[in-house]
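Novice: Please read through the structure below; I'll follow up with questions.
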């Protein structure tokens, strides 16, 4: 499809224009990004190294960590560059690439969360058939499906956005190339693009959320039938971390994308975007390890092995 754009680059306004906030924000977001990389890479490595964590739940969790690294890395380095040297320009192709990878990994996380909900349903509601239900092939198909849908969704969104002509302002009132902020700059008819954004985002979010809610409804029914008092707290606690992650992710995504353009506020969008592109990827490994004895035990084993290796060297 022909692209009639006359814009070769965009200008990202960033989070703030106040000079006194540039350095504090740079330090804060650098720490957040380092914690995100360390936590998520650590989670992936831990799952790979410990055979006790080679289960469907941790397989999906490792992919969730990968998705968190993906969309955090698509956004944060450019934000840090803008804060440090005030380089707010982003090329046309870099803007498209940033939007593409954000859409890919956000969609992947969306469907991974529903896959994890189905996994918890199989573990709690059909424990005797769990190993035959969540086979390696099933897990691989679910994970591959998440990535395929992610790339398909991103391709549609990018193709729809960058077919438009940008012949007016090139100043994006955001800190990254997010579709709602970019399409406001077009001099083409944008109602179709806005409709595509809302419809596809709504389908992705609510379909995955429906699978998640149905899974947890059956989990709740099963727990209430089989356990009373303290008995049902243990199986329910295995789902607690997942429910927290679901709540944090979907609240911000719904605020960002499943609203008509007339109700968008750039300041609200920036706050929500900081939360889901930087804060949630940082919190994810913390949320999943706080009450998880398996991960804690695996971590202690790695620490003990590292200490033993150091002692043997010195």
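Positions of Cβ are set from backbone N, Cα and C atoms, glycine also.
When I checked Swiss-Prot for this same protein, it listed these features:
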type: DISULFID; residues: 95-187; note: disulfide bond
type: CARBOHYD; residues: 3; note: N-linked glycosylation site
type: TOPO_DOM; residues: 1-23; note: topological domain 'Extracellular'
type: TOPO_DOM; residues: 45-52; note: topological domain 'Cytoplasmic'
type: TOPO_DOM; residues: 74-97; note: topological domain 'Extracellular'
type: TOPO_DOM; residues: 119-137; note: topological domain 'Cytoplasmic'
type: TOPO_DOM; residues: 159-194; note: topological domain 'Extracellular'
type: TOPO_DOM; residues: 216-235; note: topological domain 'Cytoplasmic'
type: TOPO_DOM; residues: 257-269; note: topological domain 'Extracellular'
type: TOPO_DOM; residues: 291-314; note: topological domain 'Cytoplasmic'
type: TRANSMEM; residues: 24-44; note: transmembrane segment
type: TRANSMEM; residues: 53-73; note: transmembrane segment
type: TRANSMEM; residues: 98-118; note: transmembrane segment
type: TRANSMEM; residues: 138-158; note: transmembrane segment
type: TRANSMEM; residues: 195-215; note: transmembrane segment
type: TRANSMEM; residues: 236-256; note: transmembrane segment
type: TRANSMEM; residues: 270-290; note: transmembrane segment
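Can you tell me where each of these features sits in the structure?
Specialist: DSSP classifies residue 187 (disulfide bond) as coil under the three-state reduction.
With DSSP states grouped into helix (H, G, I), strand (E, B) and coil, the topological domain 'Cytoplasmic' (45-52) comes out at 7 helix, 0 strand, 1 coil.
Beyond the topological domain 'Extracellular' (74-97), the same-chain residues lying 6 or more positions past its ends with a Cβ under 8 Å from any Cβ of the stretch are 5, 7-15, 22-23, 25-26, 29-30, 32-33, 36, 105, 158, 161-162, 172, 175-177, 182, 273, 277-278.
Averaged across the topological domain 'Cytoplasmic' (119-137), pLDDT in this predicted model comes to 91.
Here the transmembrane segment (53-73) has Cβ contacts under 8 Å with residues 33, 36-37, 39-41, 43-44, 46-47, 101-102, 104-106, 108-109, 112-113, 115-116, 119-120, 123, 134, 139, 142-143, 146, 245, 277-278, 280-282, 284-285, 288, 294-295, 298 of the same chain, all six or more residues outside its ends.
The list of residues near the transmembrane segment (98-118) in space but at least 6 beyond its ends in sequence, with Cβ under 8 angstroms from a Cβ of it, reads 57, 60-61, 63-64, 67-68, 70-71, 74-75, 78, 90, 142-143, 145-147, 149-151, 153-155, 157-158, 161, 176-179, 182, 204-205, 207-209, 211-212, 215-216, 242, 245-246, 249, 253, 276-277.
When Cβ-Cβ distances below 8 Å are used as the criterion, the transmembrane segment (236-256) is approached by residues 64, 106, 109-110, 113, 116-117, 120, 123-124, 178, 180, 201, 205, 209, 212, 216, 219, 223, 268-269, 272-273, 275-276, 280, 283-284, 287-288, 290-292 of the same chain, each at least six residues removed from its ends.
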Novice: What residue among the disulfide-bonded residues 95, 187 has the most other CB atoms lying within 10 A of its CB?
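Specialist: Answer returned by the neighbour count: 95.
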Novice: With DSSP as the reference, give the number of residues of the topological domain 'Extracellular' (159-194) in helix, strand and coil.
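Specialist: Tallying H, G and I as helix, E and B as strand, the rest coil: 12 helix, 2 strand, 22 coil.
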Novice: Quick one: do the transmembrane segment (138-158) and the transmembrane segment (24-44) have at least 3 Cβ pairs under 8 Å, skipping pairs fewer than 6 apart in sequence?
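Specialist: Checked: the transmembrane segment (138-158) vs the transmembrane segment (24-44), no contact.
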Novice: Counting only residues 6 or more past its boundaries, what in the same chain has a CB within less than 8 Å of a CB in the topological domain 'Cytoplasmic' (119-137)?
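Specialist: Apart from its flanks, the topological domain 'Cytoplasmic' (119-137) reaches 56-57, 60, 215-216, 218-219, 222-223, 235, 238-239, 242.
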